[in-house]
């Protein structure tokens, strides 16, 4: 038989040329496979299952367990089929046809079981254990070993999330190879030698990897277990439901295991085109936010005394309807970036149909009008499942996928830190660097751990200088060695420029990114941080866009949408964005706010946002759990979590990621928890407005009927760079981004996950630290107009008079505590002990 290889992200199958094939015989069956194929893989293609423990298709071969040994004609002894490649004319006999191979496999199994404990009745792996299964299928009924089994103290916590039972380990090295090869975190190793060999960590070196949970899942025995799941359930007691991760924009496939209406664990699903078989720990363990005791289960309304009290759904909906009707045309809608496509579409339609406004925005973060223009021109309506050419006239690319990103010869990251903001993208970049030497360049203040693990090159950029850097890369003029290499690499076929949401804070940054893409021929892709942002664009949850990427000010676009929605026309006025909605509400220009899943601390100016909520005459909050918004709302309506509802996420590729409800709507809360779209439908009915979105199927059908906009696109972003701040001695320009594990609300409820957060540290260059009178390890005070953030200092190679802070980590609420945003000037100096006078910093 001739084997074909498929292109994972589309494009159909490509036949392997005959000169690249070798033909061999396995158990009497002839097969032709590409050169370099392992014997164990060739056997799989014939349907022959060879037992194994150390082998994994996404890890480099190790031959550690020896369970997969087969007989190869011409060889003096059996060989490990996971380490030998197929050669032309090779004849292989597996345990099915070779007594030699069968006896050898029995011997290996007997050896592995000598010290393995009889823990199966209590082991978390029992019922889904490869060792258990293969001991039955390829082992013997008795053992010649009669001595006392070796035991160790158990379990050993190698992190707050991962527990190690050393006596169960079969030394397959899957966990160590994953950590070293895939994640780039060689924090666990096989230590000692011979009979003393075991998995362990270095002294005082905890297993602080964002991907540690994958080692639990790929462990073929119960040696590594989850601290949060240990002894909680048995595999055969669980109901498994396929799902999609709701955290970042990667769209990772997951498997949700639940029991008696409660999610017990979440695993990575096998999705070769997206996350392969890996997910980050945030996606694996970050699901308990929906199981907290403060979960909202019933509507709340504010009574005459100003207190929120429980109410029935009809009562709450009627009060909300009256308040919104009284403010029609003067209501702002803030949806946040975590909604499904269907829910975001419902908000978009509700804003236009029920509230008669284009004042709607999903961007609960730093944003700009330039970004809105960029999204309309280069993102909306483009992507893997949305159409659009793979290369636009401006050089941007709508066809960038995980696979094309992995195959790219060079990648430039701008305003984007892959490991912290899209871990699945980071794993592909690291894999590409390891496998074919992909060149990664990053415009950033310092080389992050993720950049170093991807073999990347830092192009040091102070906040605001990204525009200058991009223009220099486009022209190829005025660059030093690293920049020259990047400019040349970006001109190679298939190169990619990745821009993150943080580039919106740099005036002219996105405009320059488009110019650089056009000048170099590199494809341009935008990767946001949150799961719902890409879908919100297509749903029209922006002041400038209607569903399908239609410009809100285009007459034909409005006519198309109005006709489908049964309206004479839609609002004409260009709507307000998030910042403008907040400001208008704070000034009393808006009378009501409809807020969905937005946390005040995430907004660019939390203080002004609180003022907006206080000044707005009427606030309706759709929420899972109490928040600063719900505490100030007049009506609070509870909604379903991701595990409780079906829906769709659109990942950064533009790939549609459908998922069904893992739980029935009332299983988690014991009360009805409707989707956001269902709540809006009931609210529209109470307002006597026809929304026409009674269920998911109807909503999806309506979105499909609208389709993507085929008319003229919105104009290109045209923004020039602004003047850069000039810090004096004792001052610095603030830089920062959010870490993957921080103070986010969707991470609450899992103490084990919180235990592996990276410590929050401030960063300064050596020269700036000396100028400010601090040294490595000292507590640095970063002071803004609202107050100060105090963190331990880590002296780092980075531009002078720039200070980097994690934006939402413990003790580092930059916007809330200091009242500043990246790109602004702050004062820096040693933290002042309580009761002491502040030090003067000499100019």
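Heads up, the Cβ atoms here are built off N, Cα and C, so glycines get one too.
Copied over from Swiss-Prot, here are the features:
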- 54, 65, 68, 82: [2Fe-2S] cluster binding site (BINDING)
- 116, 120, 123, 129: [4Fe-4S] cluster 1 binding site (BINDING)
- 169, 172, 175, 219: [4Fe-4S] cluster 2 binding site (BINDING)
- 245, 248, 252, 280: [4Fe-4S] cluster 3 binding site (BINDING)
- 20-98: domain '2Fe-2S ferredoxin-type' (DOMAIN)
- 100-139: domain '4Fe-4S His(Cys)3-ligated-type' (DOMAIN)
- 238-294: domain '4Fe-4S Mo/W bis-MGD-type' (DOMAIN)
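Counting in whole angstrom, residue 252 ([4Fe-4S] cluster 3 binding site) lies 35 from residue 116 ([4Fe-4S] cluster 1 binding site) by their C-alpha atoms. When pLDDT values are averaged over the domain '2Fe-2S ferredoxin-type' (20-98), the model yields 95. Taking each of the binding-site residues 54, 129 in turn and counting other Cβ atoms within 10 Å of its Cβ gives the largest count for 54.
Fewest other C-beta atoms within 10 angstroms, among the binding-site residues 172, 280, are seen around 172.
Per DSSP, the secondary structure of the domain '4Fe-4S His(Cys)3-ligated-type' (100-139) breaks down as 23 helix, 0 strand, 17 coil. Ranked by CA distance from residue 54 ([2Fe-2S] cluster binding site), the binding-site residues 123, 129, 169, 248, 280 have 169 at the top as the closest.
For the domain '2Fe-2S ferredoxin-type' (20-98), the DSSP-based tally of helix, strand and coil residues reads 8 helix, 23 strand, 48 coil.
When the binding-site residues 68, 129, 169 are ranked by how far their Cα is from the Cα of residue 248 ([4Fe-4S] cluster 3 binding site), 129 comes first.
The Cβ of 120 has fewer other Cβ atoms within 10 Å than any other of the binding-site residues 65, 120. Within 8 Å of the Cβ centroid of the [4Fe-4S] cluster 2 site, not counting the listed residues 169, 172, 175, 219, the chain contributes 170, 171, 173, 174, 176, 199, 215, 218, 220, 221, 223, 224. Residue environment of residue 82 ([2Fe-2S] cluster binding site) contains 27 other Cβ atoms, counted within 10 Å of its Cβ in all protein chains. If you draw a 10 Å sphere around the CB of residue 248 ([4Fe-4S] cluster 3 binding site), it holds 25 other CB atoms from the protein chains shown.
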